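Trainee: Below you'll find the structure I mean.
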Number of protein chains: 2
Amino acid sequence: MAVRLPRGFRMGAVRAGIKPSGKPDLALLASGLPALWAYAATQNRAAAPSVHRGRRLYAEGRPLRAVVVNAGNANCATGERGFRDDERLAELAAFRLGLSPEEVLTASTGVIGVPLPVEKVEKALPQLELGPFADPFAEAILTTDLAVKVAEREVEGARLVGVAKGSGMIHPNMATMLAFLVTDARVPQEVLRERWKGIVDRTFNQVTVDGDTSTNDLAVVLANGAYGEVPLGPFFAALEEVARELARKIARDGEGATKLMTVRVYGAATEEEARRAARAVAASPLWKSALYGNDPNWGRILAALGNSGARFDPFRVEIRLQGIPLYRGGALPFDREKASQAMRAEEVVVEADLKEGPFQAEAWGCDLTEGYVRINALYTT
Amino acid sequence: MAVRLPRGFRMGAVRAGIKPSGKPDLALLASGLPALWAYAATQNRAAAPSVHRGRRLYAEGRPLRAVVVNAGNANCATGERGFRDDERLAELAAFRLGLSPEEVLTASTGVIGVPLPVEKVEKALPQLELGPFADPFAEAILTTDLAVKVAEREVEGARLVGVAKGSGMIHPNMATMLAFLVTDARVPQEVLRERWKGIVDRTFNQVTVDGDTSTNDLAVVLANGAYGEVPLGPFFAALEEVARELARKIARDGEGATKLMTVRVYGAATEEEARRAARAVAASPLWKSALYGNDPNWGRILAALGNSGARFDPFRVEIRLQGIPLYRGGALPFDREKASQAMRAEEVVVEADLKEGPFQAEAWGCDLTEGYVRINALYTT
């Protein structure tokens, strides 16, 4: 596919032997210029050392020059040693690039509770070659994802490229979402940081595969300014599009998924309620199972909306599935067979109009399948 | 099994033809004496008419003389007509028993979005016979539950009997939990109502099958005083035991479940945090899948605790599975094969000590299996 990086960024990957599969598992992102950055990470209380370290660097506010990522080991729940190993990972990457460790962000994904084999990282890093394409990095950060996740946009000459990994599983582990976006646009850091939170809330935080939040989740954007200034309006629109495209790819590649679910909620009283309502539908195991079975079971959508905490009047709310109105303050007559046929698609769109206010939101998920259970139960013992 | 009711209570059931299976589906509970009562119902915004009506009766505070329950139709999302049909259900039961409709609580479970066939109720009610046993009622309120759920206790001569239904599914529907407890003890209504909330929070509200809350959930206790006063301490202990036993039976009979999961959280900073932490583990799809696969995957337990919002320090928290210590501020060495063997049991107990304070709580759930997905996806189209 070969997605070219923005000016001044290079990426590369190498096989360090952390993944049992022997696939590339150590990835490096470097910026020739100091990059301003914005960051969002998991709220999980058992967050990994890399998350704690990232938060500290973020608070200190200095520019970044690199991100080092290993896949196959989350370096989480590994005690005091985990923090030393994480710092060592930064030091090794810094040494490789001639930087200070404080200029290097770390990220890890994979098995938890097992010490990170830093000696393998040390041995492999000199072999890692950097180049102008996102692809080797995008592949190396995957765990059991089925598809590489890359998105790109241009904004008046500046470029934006994002790579992500979604829900993968290595025993014993949980799903982890990582996203790295880079741009050569010049953007004031305060603006980038302020806008990034909203973008992450509307995109990555609206993805739900199984309701479990990982200890290692991370979404970061780096802007090195190599291209120069661009109008901020189009820039942030493009940044959100890249994030949204990656979020959709993560949802579509959820464990065991056979289709993408997009939920659009309109007419909410607040933006937060719109987001919660959309997420509740995307996360409902009952509705996700019905989605898998191509069952236009709007009762489960209504029940999920009712559980979300978003305000609405069941006598006014409207529900549409693949554009077909199913409920408007009460059950509507519809052709069940036709609706079921319409659900046999790569993407199924659920729309709900709460009729309480002007706010809307999207969320993305996937169907709940026997494959999900198998991946997470039968294939790990 | 034949569980005898407390003095002054009678129960009965009849086939009204609401369930497609033709099984008994209309159940009646009557008290010879006016019964004080306490009540808890779903928080779902799309709550059924029976829930709205129950809340009104509850606020009015008068004693109850009867509860009428139909299974096979939730009478939810059925528009204005649903409210009239629900009132009609109460009127018909009141007429059958020579009572005022305001003395009759209604409950419904089953398909949603389909009008309740009240004419079938009207036709069947005269055939319904009341007797001194809980069993016909307990059977008639089931939907796709596999097992009847009854529990009983004696407190210094007074009797307590509870019946419940758990997660069952009729297309298109969601799981519904109903619980009815009756006692001939004399208990002041204010005390009963005050204590009932806490009991429901510690028992029925700690059951999670799939995280979806039904539109029709209901847990009610009736005390008719036919036996007389008993010491309140032992009485409420017994009441909580009955509720807890029913809660466990509901969890064990979760859709597709092969085993019961009991989660005990100790050392929480508040009772609410203890309950949330226990529920989060019981509800985690990743951990529920591992439970099904007999995989002692403590990383998923730790991640679920981390997502619960309960405060703890990952360097101090302890996790035990079937009594086997797996994690104490870091991974412990343990025999993985032996731990997996220990998970092949009817009940699997997860314990977590957060070491933040004196509060503890339990939650109950079940494993996530391919059977759950099949029941909710493949068997409904």
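Using N, Cα and C of the backbone, Cβ positions are placed for all residues, glycine too.
Pulled from TrEMBL, these are the listed features:
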| type | residues | note |
| --- | --- | --- |
| ACT_SITE | B:Thr176 | active site, nucleophile |
| BINDING | B:Thr143, B:Lys165, B:Thr176, B:Glu255, B:Asn376, B:Thr381 | substrate binding site |
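Buried or exposed, and what's around them? Tell me for each listed feature.
Mentor: In the structure as shown, the Cβ atom of B:Asn376 (substrate binding site) sits within 10 Å of 31 other Cβ atoms.
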Trainee: Where does B:Asn376 (substrate binding site) sit by DSSP, helix, strand or coil?
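Mentor: For B:Asn376 (substrate binding site) - judged by DSSP and reduced to three states - the answer is helix.
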Trainee: Using a Cβ cut-off of under 8 Å to chain A, which of the binding-site residues B:Thr143, B:Glu255, B:Asn376 qualify?
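Mentor: Near chain A - Cβ to Cβ under 8 Å - we find B:Asn376.
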